[in-house]
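Chemist: Questions regarding the structure given below will be posed in turn.
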Ligand code: SAH
């Protein structure tokens, strides 16, 4: 049956695309339909056709999905922060499990791979320990602070966020007062003018310590004392900083950060290890799930106390220090200098001495250490950003021939690509454990155990 543009069809949605749209088939022809959800039976109007797939407009929900629920957040539909808050949480977890399995089979060539049930949250709300709110103006000149709308840079006022920390409401209010009372300008993205660009907040999950960082389009914040006066009364506030970003860019943080009140960092704990977190460093954003993730990585590493371990993409040494409790020696590799400074002070803070760190690109540092010093590893842990590992790095890992590789991934597609490489080079995947770090979004984190054949 040919699918014709502007015609109407009925179909059932059985998948979700990367942008949150519903996906289903009309007689084997794939259709993408915005606002349709897995389980919905719908009437669709075809608006665009390509050779193998098309796009449709949701005309009518004939039978609503049994997995449709009321999103607690009133702006969930508009806001770009959550994509699937209206999707039953248990079904979200099942969807993520299927997604990992499908991608590993399709891209990684791992036929019939066993994927463990996703580790979900008991209470999947208010989990984020970090928030970045853009600051701008509406067309009447009123200050707007909130989140970006989906696929746009329109700011949606966010009074209360259901996945963030409630303290953010207080912080937003105080910063707004500071802006209005002192006539401070806010950033206009198109014109690249105005001062306040973003408010970044971090909260320690166990310690409750609080950091507020204003990202500004100048080197100095005017009426700095007025801001401090507003914020210093918030309980547990430990750090107020200003980050300068003069570029016309979507990247939120600039290179220079100055502490204007209190400490340069806040402290938090994962398990028994304490961490200092500075405004610019990477730190996992869901603390309860991070502990589950790291415990899984530790379990997969199977350490007895005798092992030499490399932790590649180590950030502020989070996994490094976690593993060091059970290993003979752990080496961390990380590109960001500030993160390594934090890692060193975290080692000191916890009196952990069996760790060493290298600054640089993993795909350069590891190959050259291997060539020059013939470094060895019993276990290698990698936790790369979304783009996954460089082939030069994978090549060196395979040459070092560790018994185990633990791969922590935030993108199943690049994970699958890299697993294929391990599969072709003498390794086999023995555990796949997704962890739901980001409830109500489409992201999924996975911890994988790869073992030498
Ligand atoms: N394992 C840490 C951090 C993981 S995030 C944790 O769980 O907290 C990925 C880290 O990789 C970031 O800190 C980023 O700065 C770093 N990174 C990105 N590209 C890199 C590269 N080419 N070489 C080394 N580190 C890199």
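The backbone N, Cα and C atoms fix where each Cβ goes, and this holds for glycine too.
TrEMBL does not curate its annotations; it predicts them automatically.
Per TrEMBL, the features are:
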- 2-60: domain 'TRAM' (DOMAIN)
- 284, 313, 334, 383: S-adenosyl-L-methionine binding site (BINDING)
- 410: active site, nucleophile (ACT_SITE)
- 410: active site (ACT_SITE)
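Mind running through what each feature is packed against?
Modeler: Every protein chain considered, the tally of other Cβ atoms within 10 Å of the Cβ of residue 383 (S-adenosyl-L-methionine binding site) stands at 25.
In this structure, residue 410 (active site, nucleophile) belongs to neither helix nor strand by DSSP; it is coil. There are 18 other Cβ atoms within 10 Å of the Cβ belonging to residue 410 (active site, nucleophile).
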Chemist: Enumerate in sequence order the recorded positions 334, 383, 410 whose Cβ-atom distance to ligand 1 is under 6 angstroms.
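Modeler: The qualifying recorded positions are 334, 383.
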Chemist: Check each residue in the chain of residue 334 (S-adenosyl-L-methionine binding site) that is at least six apart in sequence and keep those whose C-beta is under 8 Å from its C-beta; list them in sequence order.
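Modeler: Sequence-distant Cβ neighbours: 313, 314, 315, 340, 343, 357, 358, 359, 362.
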Chemist: Residue 284 (S-adenosyl-L-methionine binding site) to residue 410 (active site, nucleophile): how many Å between their Cα atoms?
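Modeler: Rounded to the nearest whole number, the Cα-Cα distance is 11 Å.
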Chemist: Can you tell me how many other Cβ atoms are located within 10 Å of the Cβ belonging to residue 284 (S-adenosyl-L-methionine binding site)?
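Modeler: Other Cβ atoms found within 10 Å: 21.
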Chemist: Consider each pair of residues in 284, 313, 334, 383, all listed by the record as binding S-adenosyl-L-methionine, and report the largest Cα separation in Å as a whole number.
Modeler: 15
